[in-house]
Each structure stands twice: as structure tokens, then as C-alpha cells.
Amino acid sequence: MAAARVLRTWSQNAVRLTCVRYFQTFNSARVLKPKCVCSVGYPLFKYSQPRHSLRTAAVLQGQVVQFKLSDIGEGIREVTIKEWYVKEGDTVSQFDSICEVQSDKASVTITSRYDGVIKRLYYNLDDIAYVGKPLIDIETEALKDSEEDVVETPAVSHDEHTHQEIKGQKTLATPAVRRLAMENNIKLSEVVGSGKDGRILKEDILSFLEKQTGAILPPSPKSEITPPPPQPKDRTFPTPIAKPPVFTGKDRTEPVTGFQKAMVKTMSAALKIPHFGYCDEIDLTQLVKLREELKPVALARGIKLSFMPFFLKAASLGLLQFPILNASVDENCQNITYKASHNIGIAMDTELGLIVPNVKNVQVRSVFEIAMELNRLQKLGSSGQLGTTDLTGGTFTLSNIGSIGGTYAKPVILPPEVAIGALGAIKALPRFDQKGDVYKAQIMNVSWSADHRVIDGATMSRFSNLWKSYLENPAFMLLDLK
């Protein structure tokens, strides 16, 4: 009888158990974790959807947070503040430029990760900032208190949940790469990164953009090309360099920063390399004529054509025959790594100092494509805007010291590379032809330096002879172009 009374009471007062959803907040995103919602009645157990809605208030985010300098990559631990784009009291949005910093390898624009008001700048111009340390204080915008209806939805399947987690993975990319993607309306989730741990590099963005839009302009019809009239060659005089101001007071001491600091590291390491030199003379008479014919064609396509694209392409063809010159050695010279890509560096003299950006994959580029890339690097280099990707990864280097003046040089190898060439000025000099007649020749001298631990003189000489043959007879390059 007692059991019957208990059963009757249970049937009259059905027990309803409700397990409520709860919320956890990670950063600024609210993640819903559902618990089961069920009702228990007699004599049948069944699952049902709740008919009510839960209400929650948005998290108030009006607080001052420290914006720390993120890891820029390439082992960079400190940078110099070159320019502030904001000041205290300014209002910024996500991806707005905060400042321009310069490391010993590249210049990088730092962008905001928050919407808010700048409360404090931790550094002045030319101060040294360290990775992981606060850069600015920013008061994030407060979200107005609001209540949101939470609509109950069926449980998400395991496959869907896994897919969402993959989508939510963090994309590895530097602020400069993210800004480049944003300026070109590219979603980083659609780009496959080729860097370490899937990091998206600037090359990946440019490659993705080229696939979407195409980067090479079609050649212009010959009928539209109007070569500029030849200009009279006046005698030029060197422009006198302005004398530095004379300091009559105390001596001045400045820290070594930026590209100068990079030169200290690189040249100190280069002292450990036993250099040997090799020089030769190149007759560029035929190449000078060919360039004069192609200059208006390239100009019609919007590209300034110099001699360097020909020098780089000839060097790449030579490296295919002598891959040891496109190799690198480890610190103790115990291992040699033969590089598949010909990333040929070009030494540039800029207001910021000596920089050596490199043209990637010269072995698969045409002379015109090399000229396009050189134009881009020169524009960025003159304004101090070269990125880390442009300044790293070189495998072989040419230095055009002749553009400033000089005939010979003793170039210093850039570790871990094993060879470098210095190009002198092109001069009109008398030479004898095969018949013994004197003619006006366009002569350039080249000075090579190589790592004598792994390169012998015969190898350097054979490479130089092959490179020379391509430049003295440009038509020969057509036989080996791929």
C-alpha cells in the first residue's frame, strides 16, 4: 500500500528536470556549451526542446589594455621606433596603422588589434622597443549592456564541430602580411602558407593575388611603341657632396641601429671566411646595343630596363652549370646545402645604409619579369619599406658598385653564401677586333670573391667565363633559356 501511494503521488506531481545552458567567455568571443534539456514524466520518458529563452548580458569591455609588440619573426627581438602614426587621445580601429618599426632586417608597420582610444605611448622616436614588451596602452571600446535571446538549437554533430574548430585555428602571419592581404581584400584563411608551421609569407599573398588577377602585362603592339628621340650625350660632372656640418662643441655619440646593426653582425661573421678574388674584363658592346633596342619596349610596358636583369639572368644560367656557387655552408663548414632556388641579392645604397634585397627564383623568371621585380625592390628600398621576405633567403649576390663609380672592388661574402660579384662602371675604351682593327668597346670589369674552403679558383674561373660569354653574346642566352 505504501508503494502504491508513492506511485500515485509521483503520477500526480510529475517531476520536471531542466538542465540549463551555461556560458563561458574566452577573450571577447562567447562560446555556448549546451547541457541536456529534458523532461521526466510518468509513465514515459521523452526528450523535448525547451520553450523558453535564456537571456544574458554582454560583457563590458571598456578597459585599458596593454598592446604588446608581437613576434615579428626571423629571430628579431628588438626594433627601432621610426614613426608614430597615432598620438595619445587618438581613436583607432582594428587594422589601423600604429607605428613603423625597423629591425636589423626590415621595416614593418604595426597595426592595431583593437577598437579604442590611445592612452599612452611607451616609446619616443628612435627608441629601442623589445618583442613582448608593451608598445601602447589602449582603452577598448565598451559594449553597451544588452540582453540577447539565446535560441535553443539541436546538438551539433561531431563532424560539424570539428570543422568549426579547424576554421577557428589561428592564422600565422606578420602584421605587414595581414595588412597586404587586407589592402587586396584577400582572406588569409584562403591562402596556403609556405613558411614555418604554415606561416603565411608575403610571397604567398603575391602568388595568390597573381593567380586571381594575373601579374604580367601583355606585350604592347609594335605600332603603339614610340621610341623616345636620342638625347645628346653631354659631358657629366660629379655632383659635389655637401660637407657635413662642423661641430665645434662636444663629440656626439649615437647608437648603432637598424641596417647598420645588421652590417655589424654580417661583416663580423664574414671575417671568418677565407676569401679569394678573381677579376675579369667583359665587352658589353653587343649587350649595350640590345638594351637600347629593348628600352622603349619595356618603357611602353611601364618598366625601366637597366643592365641588371641581364646580369642576373646570365648569372642564373651559370649557376645551373655550377650549383656549388649557389650553395650555403653551416657555421662550422661541416655541411654544404645546395639551394634549388636562385635568390640573387642586389646590393643597394640607400639613405638608411647598405641593404641587400634579393630577386626570388631568377631561374624561372624572364628578363622582363626580373626587371619588374628590380623596379619594385628599388622603390621600396629607397623609401625604407622593404619587408623581411625581400631581405632574407639570398643564395648569391651581385653588387653594382659601378653605378656610383669605380672599376674594381673587393666584395665581402654575405654568410652563409659562398660567392659574390662586384660590377664596375661601363666605360667606352679602345679595343682590337679579330682583324686587328681598333674599335670603340663598352668595357665593364667584374671582381669575384668566393669562399676558398669550398670553392677553388678553377670553378670560379669557369663560371665567370660562362657568365661572360652570355653577356658578350646575348643571343647565346636564348639557347639555354627555359
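Quick reminder: no glycine exception, Cβ is built from N, Cα and C everywhere.
Small disclaimer: the values here were computed from a predicted structure and weren't measured.
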N6-succinyllysine, as annotated by Swiss-Prot among Lys46, Lys87, Lys196, Lys339, is found at Lys196
Of Ser268, Ser306, Ser328, the one that Swiss-Prot places in the same CoA site as Arg291, Asp349, Gln378, Ser399, Asn400, Ser403, Gly424, Ile426 is Ser306
Annotated as N6-succinyllysine in Swiss-Prot, from the list Lys68, Lys82, Lys261, Lys360, is Lys261
The candidate from Lys33, Lys295 that Swiss-Prot records as N6-acetyllysine is Lys295
In Swiss-Prot, the N6-acetyllysine annotation, restricted to Lys170, Lys202, Lys379, falls on Lys202
Annotated as N6-acetyllysine in Swiss-Prot, from the list Lys187, Lys211, Lys435, Lys468, is Lys435
Annotated as N6-acetyllysine in Swiss-Prot, from the list Lys144, Lys222, Lys440, is Lys440
Ser403 (CoA binding site) and Lys250 (N6-acetyllysine), compared by Cα position, are separated in whole Å by 37
Argmin Cα dist to Lys304 (N6-acetyllysine) over the recorded positions Arg291, Asp349, Ile426, His452, Asp456 returns Arg291
Filtered by Cβ under 8 Å and at least 6 apart in sequence, the residues in the chain of His452 (active site) near it are Pro274, His275, Phe276
Rounding to whole Å, the Cα atoms of Lys295 (N6-acetyllysine) and Ser399 (CoA binding site) are apart by 22
Summed over the domain 'Lipoyl-binding' (64-139), the DSSP helix, strand and coil counts are 0 helix, 40 strand, 36 coil
Comparing the Cα of Lys440 (N6-acetyllysine) with the Cα atoms of the recorded positions Lys250, Arg291, Ser399, the shortest distance belongs to Arg291
Once DSSP output is merged into helix, strand and coil, Arg291 (CoA binding site) belongs to helix
